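> Structure incoming, see below.
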Amino acid sequence: MGLQPLEFSDCYLDSPWFRERIRAHEAELERTNKFIKELIKDGKNLIAATKSLSVAQRKFAHSLRDFKFEFIGDAVTDDERCIDASLREFSNFLKNLEEQREIMALSVTETLIKPLEKFRKEQLGAVKEEKKKFDKETEKNYSLIDKHLNLSAKKKDSHLQEADIQVEQNRQHFYELSLEYVCKLQEIQERKKFEFVEPMLSFFQGMFTFYHQGHELAKDFNHYKMELQINIQNTRNRFEGTRSEVEELMNKIRQNPKDHKRASQFTAEGYLYVQEKRPAPFGSSWVKHYCMYRKAAKKFNMIPFEHRSGGKLGDGEVFFLKECTKRHTDSIDRRFCFDIEAADRPGVSLTMQAFSEEERKQWLEALGGKEALSHSFNTAIIPRPEGNAQLDKMGFTIIRKCISAVETRGINDQGLYRVVGVSSKVQRLLSMLMDVKTCNEVDLENSADWEVKTITSALKQYLRSLPEPLMTYELHGDFIVPAKSGSPESRVNAIHFLVHKLPEKNKEMLDILVKHLTNVSNHSKQNLMTVANLGVVFGPTLMRPQEETVAALMDLKFQNIVVEILIENHEKIFRTPPDTTFPEPTCLSASPPNAPPRQSKRQGQRTKRPVAVYNLCLELEDGDNPYPSKEDTPTSSLDSLSSPSPVTTAVPGPPGPDKNHLLADGGSFGDWASTIPGQTRSSMVQWLNPQSPTTTSSNSAVTPLSPGSSPFPFSPPATVADKPPESIRSRKARAVYPCEAEHSSELSFEIGAIFEDVQTSREPGWLEGTLNGKRGLIPQNYVKLL
């Protein structure tokens, strides 16, 4: 389990567990800060002492290998998993370079040291300053509350009112600072994933230029370089999209925190001061407790907690409520007090003090006191305002009309759906389209009055105005689950199954929309809207959560993955019936308990080749972006990759054991491209390297593979000498263990999967076979020949 999300609503409760979560985030940032300092120190050693290059590289590699990114939430995306694994790949590369004993003369000041120092000083340093302010304000706030609550009720009303106003102003200031600090903590946790890895990539690219064998090794790992670059760009895009949503949620809660309280199992909860009586002549003391009450069971929990003493939880008490009585100031020299009698403690009465008169009234209402408010502590979440958009005949007409206009007029427009239209024009167009009298009069395909960006914004706005998202609140969680776990095949199968559980109108509308988005992605070379970019734009629209929380916003990246799967597998999902017996998604980190050990075909090979990397200089300046808007995603991965890369892809060579091994291992760019579902990514990757010698020879990788076509378009034609001596012709095999692919040339499968055309592979311990039209490598001890 990674770091828990910090909810903005918890800033107003300031519970002990909220403080524990804050400390966990702070500890992680401190660990990151120390690691970056050590990394910078190691980088400077490389510059200062070439004679100690070997020692410095080993230390550097060790640091990279041991560091692991923490994440917010209960799962990570494939992009984040690849980014996390990239540090270990870089570590292996450094060890490989150390074996070669090459003399390296490289200045890493501009490519590594400065970006890391900038990140540490500007980002981590800013968090430290925020922490100091937060700690100082915490001390001030609770000290003032203590002092305020000790005021005698006999003082003049004007004096008491002035003190009340001062305390309330101080509390509001504390809440403001707490909100900003929580937002900053979560932002830096997400930001470091890409701002930290990018300088590393630049540093490694510089190293390649100083090694004679760097060019050949880079070709071997070209697929990894491209995939990691896309992973980083996707992560950046998702971060930018999520950040605006988080800031919007924070502003909503800041304006009206009471209306955004999270649903809780407790009727009331919060801090109360409890009077602890002592034997004479010591009097009594007031101790702050965090109290929780369940009205149904009349169960009252209270835990002593002091913010200023390190925030350690004390031993809690639990009792059952008998009755609650309001205390008047003529019977006690404190304000906001009430008494509680416990049913299981006869004769024992506890006197408690709330922070304010309003909070006392709320507690009295929850506890069954005489004075009650019209609202309780944990009010239900206010539902979203629903527009008059519906999935009726008019709704389908509007969507089809917008789609037809977009495909006719602007399918090649750069930033399609990413560039937003003028709000007033969008609202006017929607009003005309949703009016029965004017809908047929609106000509979107030929009229110059409506820009394409206005039409696309109107389409998205209409979908967001539906009473319920297209993929429904009921199935929202079910769609998220396969995006968080399982193999690529099992994800597609699970989402295929869930789509057919949607109401018929929802499924029909989703089919129309996804078919259109597939067409848009097929023109990504012109409009720059890849499948990933479309996922970022339409994820929140098609799968908005029912409750707005930080935890829900952290799942935006998984919503994007679901939309990507829908686009990449549109024909299968909407044109074929689902398999009602598909297996449950398997967690990516889980392995079968009794599966035999797998013999890695890269054993002994991976340590002999470095990670292919690139010189990354991604500066997304607002002035260079022609499409600035709140809803825009950042510059797409295609945009940042469109410049010709100095690293070329692997080209077909003469047959031989080494060459065949390289191709089977995924060194060929064509192999990697052919394993990506759909035509979009294959053509996209070819466009990224327009000067690559494989562009013209990789046409077979552009079109989706048919069951009879070869999945390895770059493999040289096999000769008699190349054929394995014990070839198995036209044999079938059944999987006896589930398997998760570790490489693009391998197959993922579940127990019971049937493989066609199984043959012995050149890789020891591996077979080649076809599953669902895709050919790849299979661990020999995971299957049984039929």
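Glycine is no exception: its Cβ is also placed from the backbone N, Cα and C atoms.
Taken from Swiss-Prot, the feature compositional bias 'Basic residues' applies to 599-608. Look at Swiss-Prot and you will find 634-651, 689-712 tagged as compositional bias 'Low complexity'. The compositional bias 'Polar residues' annotation in Swiss-Prot covers 676-688. Annotation source Swiss-Prot lists domain 'BAR' at 7-262. Marked as domain 'PH' by Swiss-Prot: 265-372. According to Swiss-Prot, the domain 'Rho-GAP' annotation covers 389-574. Taken from Swiss-Prot, the feature domain 'SH3' applies to 728-786, supported by sequence analysis. Annotated region 'Disordered' per Swiss-Prot: 576-608, 621-727, in sequence order. Sequence annotations record features per position, and here Swiss-Prot assigns site 'Arginine finger' to Arg418 based on sequence analysis.
Show me how these features fit into the structure around them.
Averaged over the domain 'BAR' (7-262), the predicted model has a pLDDT of 80.
In the three-state DSSP classification, Arg418 (site 'Arginine finger') falls within coil.
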> How many helix, strand and coil residues does the domain 'SH3' (728-786) contain under DSSP?
3 helix, 30 strand, 26 coil
> If you draw a 10 Å sphere around the Cβ of Arg418 (site 'Arginine finger'), how many other Cβ atoms fall inside it, taking every protein chain shown into account?
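I count 25 other Cβ atoms within 10 Å of it.
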> So, by DSSP, how many helix, strand and coil residues make up the domain 'PH' (265-372)?
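Residue counts for the domain 'PH' (265-372) by secondary structure: 14 helix, 50 strand, 44 coil.
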